[in-house]
């Protein structure tokens, strides 16, 4: 107020000397009043009581009257919960990670990227995200969230959600329903035992599915309708059979560390873009494979190490890396790589690992150098 009085006197003095100009001389007063309004706002904590995390709005006491707040200040009053950080230069992001939170703070409407990872959150109540329907990126990994304490339709209204991170929690069931907009789903390191056929229904935009390190023993046909899926990581589970049907767009399939002992005929033919197949540490035998199971022209890398194979399975001449170490292979069959061996017909194989088998170094046939002329590493 002191500076206001000085400025006011200065302005009046100037006017009395006949130097008054309405446009110029009222500008300083308008500026001061604007500054006064802006600086008078008191930044109160979002929550009145930290023990009531789901009381989303502040209600004044009955015997008091809420002081009117300018519109611009009302917008900023819900800008960020006190438990989190909302960078001014990234106004659509809210960082609440690594703060020992036991509950989900309120998510303001405009938020698109929200990070709750590395906390002790155990539950997600129904409607927790109903106010934040613009969310695109939701990080909930490394918490203690259980399926029993999660709302049945907690993600259903998030029509713009593209990435959901829930790995490293205590989930025993697949969260469902999930929004069709989803592109990445991270559910590794949970306790999920089954993926129902309709669990991923309608997720036509899903490109990456991470379900490793669970207790899944059955996948059914849950992958079949995922027409955009590029990567499926189902490693470190309890699968005894491969999923029923693969998506056409699939490029990477990880099934290592399961109990799979057989693969149906032409299983990989339905995925013409498949590049990487990893099935190490399973129970595969030659009896459980057809002659051309892995003879797919698109596959570039095939890992069948640490299984129960006794013979080298037939592979495509386009294959570049083949890992067969730790099996029971006792013969080197060149027909597994080249059906015809001559100058024009040869394998593109660059890396071949056969160490840890029953095969001997002198078992390599004389025409092997011609067939495997591209190989830079052959370990026996």
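Even glycines carry a Cβ here, placed using N, Cα and C.
Sequence annotations record features per position, and here Swiss-Prot assigns N-linked glycosylation site to 89 (among others). Long-range neighbours of residue 89 (N-linked glycosylation site) (same chain, six or more residues apart, CB within less than 8 Å of its CB): none.
Summarising the annotation, Swiss-Prot assigns N-linked glycosylation site to 131 (among others) and lists similarity to another entry as the type of evidence. For residue 131 (N-linked glycosylation site), the number of other Cβ atoms no farther than 10 Å from its own Cβ, over all displayed protein chains, is 16.
Annotation comment: Swiss-Prot describes 160-180 as repeat 'LRR 3'. Averaged across the repeat 'LRR 3' (160-180), pLDDT for the predicted model comes to 97.
In the shown protein chains, 14 other C-beta atoms lie within 10 A of the C-beta of residue 170 (N-linked glycosylation site). In the three-state DSSP scheme, residue 170 (N-linked glycosylation site) falls into the strand class. The N-linked glycosylation site feature in Swiss-Prot is assigned to 170 (among others).
Look at Swiss-Prot and you will find 181-202 tagged as repeat 'LRR 4'.
Sequence annotations record features per position, and here Swiss-Prot assigns N-linked glycosylation site to 205 (among others). In sequence order, 162, 180, 181, 182, 183, 228 constitute the residues six or more apart from residue 205 (N-linked glycosylation site) in its chain with CB-CB distances below 8 Å.
Below 8 angstroms of C-beta separation, residues 212, 227-242, 276-285, 287-290, 292-294, 296, 299, 303 of the same chain, each at least six residues beyond the ends of the repeat 'LRR 7' (249-270), sit close to that stretch. Residues or ranges marked as repeat 'LRR 7' by Swiss-Prot: 249-270.
In this structure, residue 295 (N-linked glycosylation site) belongs to neither helix nor strand by DSSP; it is coil. Summarising the annotation, Swiss-Prot assigns N-linked glycosylation site to 295 (among others) and lists similarity to another entry as the type of evidence.
Residues or ranges marked as repeat 'LRR 9' by Swiss-Prot: 298-317.
Residues 280, 297-312, 345-359, 363-365, 367-368, 371-372, 379-380 of the same chain lie 6+ residues outside the repeat 'LRR 10' (318-339) yet bring a C-beta within less than 8 angstroms of a C-beta in it. Here Swiss-Prot flags 318-339 as repeat 'LRR 10'.
The Cβ of residue 345 (N-linked glycosylation site) has 317, 338, 339 as same-chain neighbours under 8 Å, each 6 or more residues away in sequence. The N-linked glycosylation site feature in Swiss-Prot is assigned to 345 (among others); the stated evidence is sequence analysis.
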Of the residues in the repeat 'LRR 4' (181-202), how many are helix, strand and coil by DSSP? 0 helix, 4 strand, 18 coil
Same chain only, please: residues at least 6 beyond the ends of the repeat 'LRR 4' (181-202) with a C-beta under 8 Å from a C-beta of the stretch. Say none if there are none. 141, 158-175, 208-223, 225-226, 233, 238
How many Å separate the Cα atoms of residue 131 (N-linked glycosylation site) and residue 295 (N-linked glycosylation site)? 51
For the repeat 'LRR 10' (318-339), how many residues does DSSP put in helix, in strand and in coil? 3 helix, 3 strand, 16 coil
